[in-house]
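Peer 1: Dropping a structure here in structure tokens format, bear with me for questions.
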Amino acid sequence: QSPSSLSTKEEDPYVTVLACWTNQEEAESESSNEEEDTGVGPAPTVSEQSVDKNPGSHPVTPRVTFNQSEPLIPARPAPPPPNKKTKPVKQRTPRAATIRVSRKKGGSGGSAPQSAVVRASWLDVWKGFRYSVLWVTLDGQLMSLRKKRSDQFSEVLFHVSSITNVKPQDKGRFSVYFRKKRYDFMAHSNEVQEGWVASLLATRGLQSPAPSELHGQLTIKDARSRTYAAVWGHDLWIYTNKETFQLGIASFSVPLNLATVKPIGKHSFALLTPYKTFNLSVDSSKDLSLWLESLTSTIHSAVSCSQVALRLWENPYNKVCGDCGAANPEWASVNLLLVICDSCAVQHRVLDSNLSKVRSLRMDNKAWTEPLIQLFVTYGNWLANQVWAPAVPAVEQLHPESTEEQRSTFIQNKYSRGRYRRIHALASSRFMMNQRLYQVVVTDNVEETMSLICSGAKVSSSDPQRHSPILLAEKANQALQIELLRLNEYTEVPPHQPQSANRKLDSTPSDQEDEELHGKLEEDRFFFSLENESAACDVLDLREVLSVFLKDGPAHQFELVTLNDHLICDADNREALQTHLVHILKVILPGGVSYAEVGGASAVSKVCIVDVGGTSNQSDAWVLLWEDGVSIHPIKRHSQQVLNFDLSMLSHQEIGLCEDIITLVTAERSITLRFEEHQCCETWFKHLQKALVNQDSACNRPPGANQSPACLGLHSVIDAGIKGSVSPAIERCISHIMTYGESVQSD
């Protein structure tokens, strides 16, 4: 597989794994790959018997080998001749910013843990001529580089014993050497750089891990990528090739205590994890037997648990804590269908007992009825987090290594305050929710029952003349519904409040000072730096964006809204504004949205849509406001259709700020849009009102006033009555040209 630029989006970032950073020796300068030995041993590697003796020959595919009695550590490279001249380190410079960004100081939130040998921050990274911005963490032994904080798999991973030298440079730069390879890093400040250099130097002399028990070549079938793999402890490490294995530089590791392995073909097997399934193949039946035997043994040795835990872990989502992601959790909140670890169980016990009922997977055997086990195996953590935490900002996510204070704050926010909760579409009316619960419990729709209960619907009936939901479920013979209802008969969840109210306790003061940053876009990330052409100080995952709004006024500005940040982006001209808008919207919107639709919208927001005229079912969608119309694009396009209607079709529109909802009424239907953020709702409605006023003004404007010949031609098409017979995409093109003229071209 040939290398490709980091700016090119990979089909599978967990499989291709930094293809652009591999096999680059021929293309890189000699100074990028050579380094004198400094006395620190490299990571354990293959034994000398398995290393190719003829470096000039084509590499021979190594056989799978088990550990022998001799250590798998090659001899250190000889030091360079005394008179050898070392080429000066070439200075690296980040790409220039393309737009100005303003936000409240500290708006992104979240400080990473720092200590003598523990560190985490965004760093600009170079490997040879390849450049990217990565989230880099050091836990005292392992250093990992990820594209996003929330990524489960790294781009680069190595044990610190593989490092042969660390050299500080000027202007926040430092270099890390691995015998023949070098990575160059740049921090956004000298203080951050000094912290990294000090932490890396503090790990010098750390003992290498025990030799690998099994290593050899594997093929990742999904990407048709030939890789090298090794079992280290309870993890399967994936390397780009045999050489990176010898250097100790892996791409990522798969924790085997979270995995299940099974054969799927003559020479193939699948490694299933809560995050991804890896389909792997080997060269022979003998190699397959060796890998299956070793992986199965490692998995069994990593997992010691009860039969209840084993059954619950059949659902991959249940193999990690539903709150922090720790491996092999052995506790559960049975009424919330949530499997949790020891540390999170302690915090759940602090919650009201009517909110979370904690039970052990090992000791509370009587609590685990067959219907309850089936609920966890079928739904479990997946459903619990679909309701309580469908979208948590990366900087607020809990991790296995989080402190007790961080764990307490997160769990209180998640359950006691419902900060991240996705409420049911009928949450604004307790009566309507209770009525809906009576309808749902006689079906097998456990997901909606869970959503209703966690939004405040009452299981216990206050009407003595009416059957309770439990009795209705019993008559309908719905065993899973009965179990879920009994567990939640007296559950008390936090009352529904607008999302903005949920965040008031954590919001920054309104008079907090703004900070001016420089921004640049790359794929699905937005980099921020303190100065132009300086290292990134923060990175926004564009998929966390909730709304995009064009700003009024002569300046070329637009606003980005996330759960915990508001950013004003200021471009130099209209063309630059459109370029950035189109890039962002193409990332966040569902596939299939046309360029004309992306480029012509003035207000775009993620919403929960409820078609009141039809059903109470809720679905996620993106709503786009145009100069003369509205389009609603469901995220699950295969099951729902795109809605388009002109503003002239609206007979009524209203905003409910207390619920963060907007209702649009046409002759055919009434649609309610629930926004995830208060300001998004208010700003979108203001844009709608302005569009309606502009449409009324346009109707009273003389034909052809202040319009280009192209727009006049389009008006003549519309006035001729053809508009109703063309597709919505053509109408969007017409609207786009009439709004922005002909200067902006499609890419």
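Cβ coordinates come from backbone N, Cα and C, glycine included.
Automatic, uncurated: that is what TrEMBL annotation is.
Found this in TrEMBL, in case it helps:
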REGION    1-114  region 'Disordered'
COMPBIAS  25-38  compositional bias 'Acidic residues'
COMPBIAS  74-83  compositional bias 'Pro residues'
COMPBIAS  84-93  compositional bias 'Basic residues'
DOMAIN    211-300  domain 'PH'
DOMAIN    306-430  domain 'Arf-GAP'
REGION    491-516  region 'Disordered'
COMPBIAS  498-510  compositional bias 'Polar residues'
Peer 1: Average the per-residue pLDDT over the domain 'Arf-GAP' (306-430) and send me the rounded value.
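Peer 2: Overall, the domain 'Arf-GAP' (306-430) comes to a mean pLDDT of 90.
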Peer 1: Would you mind splitting the domain 'PH' (211-300) into helix, strand and coil residue counts from DSSP?
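Peer 2: Result for the domain 'PH' (211-300), in helix, strand, coil order: 25 helix, 40 strand, 25 coil.
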Peer 1: Going by DSSP assignments with H, G and I as helix and E and B as strand, what are the residue counts for the domain 'Arf-GAP' (306-430)?
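Peer 2: Reading the DSSP string over the domain 'Arf-GAP' (306-430) gives 57 helix, 11 strand, 57 coil.
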